[in-house]
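Working notes, beginning with the structure itself.
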Amino acid sequence: MQKSIIEFRNVSKKFGNKTPISKVSFIVKKNNITTLIGPNGAGKTTIVRLILGLEKPTSGEIIIDRKLKIGYVPQKFGLTTDIPITVKKFLDLLAPNHFNKNIKEISSFIDLEYIKEQEISKLSGGQFQKVVLACSIINNPDLMILDEPLQSLDVTSQQEFYQLIHFIRKKLNITVFMISHDLFTVIKNSDQVICLNGHICCSGIPHEITPNSEFSNALSSLGFYTHHHDHKH
């Protein structure tokens, strides 16, 4: 049986009169790719902030080892592109020995050697996302949290991104927790899907998302159309 790395038990969070999440319970299993989906304002960011320890629950319990090392890739990375700095120099600032052990493990797979002399500002969206992922694994995390990583990426870059995620998980033995709104790619690439809209609407494994299933109907009620996206093992 797989070990759980995060467990939410009846967790609620209030900010004044607002309650972005209410009585939320779920488990993230070790070495799985778990994806949290939901509409804007569903409470996804609140969940991430609770996992990171930036917020405390108003009620309920979060079971997570605070010694757990987390690599976090925010929706907006916040790196200015005005400064003319190359990929190599940027990574050197974060890992002085350049291409530390983890980055070396994946550098050939993500073509870092090919782009390392390019300026950050000249990278495509897909190339920049690879650099961001390299940053997130420098400290050898147990858990990687990715907030809307597919945003602004074209279909080809999305496919390359997921190939990289699967490679990193296997090579470095990392658990992945992802926020996304793209149900089709989620179904194809996740071990577990959790649907949130202030509370847990449904959760399960991708092959359970079949036409007219309870899972599928719950997703459809939130605007996630599943009838074209049957997933078969």
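Every residue, even glycine, has its Cβ placed from backbone N, Cα and C.
Under the heading domain 'ABC transporter', Swiss-Prot lists 6-222, citing sequence analysis as support. Under the heading ATP binding site, Swiss-Prot lists Gly38, Pro39, Asn40, Gly41, Ala42, Gly43, Lys44, Thr45, citing sequence analysis as support.
Looking only at the domain 'ABC transporter' (6-222), the predicted model's pLDDT averages out at 82. What surrounds the ATP site, by Cβ distance within 8 Å of the Cβ centroid and not counting Gly38, Pro39, Asn40, Gly41, Ala42, Gly43, Lys44, Thr45, is the set Pro20, Leu196, Asn197, Gly198 from the same chain. In the three-state DSSP scheme, Lys44 (ATP binding site) falls into the helix class. Within the same chain, residues at least 6 positions away in sequence whose Cβ sits under 8 Å from that of Ala42 (ATP binding site) are Leu196, Asn197, Gly198. Of all the binding-site residues listed (Gly38, Pro39, Gly41, Gly43), Gly41 has the fewest other CB atoms within 10 A of its CB. With the fewest other C-beta atoms within 10 Å around its C-beta, Asn40 stands out among the binding-site residues Asn40, Thr45.
When other Cβ atoms within 10 Å of the Cβ of Lys44 (ATP binding site) are tallied across all protein chains shown, the result is 24.
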